[in-house]
Amino acid sequence: MMLATTSSTFATLGEMVTVLSIDGGGIKGIIPATILEFLEGQLQEVDNNTDARLADYFDVIGGTGTGGLLTAMITTPNENNRPFAAAKDIIPFYFDHGPKIFEPSGFHLVEPKYDGKYLMQVLQEKLGETRVHQALTEVAISSFDIKTNKPVIFTKSNLAKTPELDAKMYDICYSTAAAPTYFPPHYFATNTSNGDQYDFNLVDGDVAAVDPSLLSISVATRLAQEDPAFASIKSLNYKQMLLLSLGTGTNSEFAKNYTAEEAAKWGILQWMSPLWEMRSAASSYMNDYYLSTVFQALDSQNNYLRVQENALTGTATTFDDASVANMILLVQVGENLLKKSVSEDNHETYEVALKRFAKLLSDRKKLRANKASF
């Protein structure tokens, strides 16, 4: 992807919808957190404003699993109605709390690996009583209801029709992170417009969407149709979107690990871990393939950037290795990723691409502000 700001692009930036999507992946959320810290730093530099935050620049921020937690951290307001966490605060959060969230407690074959109590405790401490409607920009955080067998998407823009989705952010964050076999499912209740109790029985958003890019685009489309701020956009299409999608890495050793001959001998237990990884990798690859194809077909390939490390090895591939050594390794993975080429066909580095993306976000924000002042 090469983000070039042409005169025609600049003229339409004010009418574009900006979307940030963050994948799930447990402790591997440190990788996109590293990218977010770099991007927010670039936005602060471009606009000469140390208080600039990602929520100031994106119309929709979507996340699933650990990506949902990152979404909440950068959109939940503090007492000054600014994001309670800057991007640079996210990695310290993982280092401070990751080892306790993923604290080993023996062998668990018939129950979740972790009890989730510390995770819920820290979410309540950090997010307080904040609800979805208070988010500083539109959010799209996914989960899956095991009772209704349907995905649940928590957003601001649809609360008038579905007020029961105006849940507390800590309930949402625990739910989107409650990966089956790792954490217990989460039950909580809200109220409908009639005052009736509405029950949720939720597990990890990765069950519905490991890569929430398409979900985030759907929310952005509805936002453009219903929000008066986007009245000038008659019919939103991919040419009017800037989409930044952040992955949590895929296992480069996975393809070497299994063969059809070996898998033919597997039973339920042997399939559990590989099947989860296969499903996650396939979902991520297919979303990226689809989006790349569509944006390119519409001559809008400059509007989409997928930042993903496809060469994870060793402990860096694990969902829950929160040892200090592995977390340091994941930070290094994120920092090294910035120096890598966007693709085999595009030798521009992610660092350069993100700098250009930051400039586009800044220009678009200024154009919209100028338009609003008239």
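Every residue gets a Cβ built from N, Cα and C, even glycine.
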Query: In Swiss-Prot, which of the ranges 24-29, 108-113, 312-317 has the motif 'GXGXXG' annotation?
result: 24-29
Message: Taking the Cβ of each of the glycosylation sites and counting other Cβ atoms inside 10 Å, which one has the highest number: Asn48, Asn191?
response: Asn191
Message: Mean pLDDT across the domain 'PNPLA' (20-217), rounded to an integer, is what?
response: 94
Statement: Students should find that the Cα atoms of Asn191 (N-linked glycosylation site) and Asn48 (N-linked glycosylation site) sit apart, in Å rounded to an integer, by 44
- request: Taking only the Cα atoms, work out how far Asn48 (N-linked glycosylation site) lies from Asp204 (active site, proton acceptor), in Å, as a whole number.
  value: 38
- prompt: How many neighbouring Cβ atoms, not counting its own, are there within 10 Å of the Cβ of Asp204 (active site, proton acceptor)?
  reply: 27
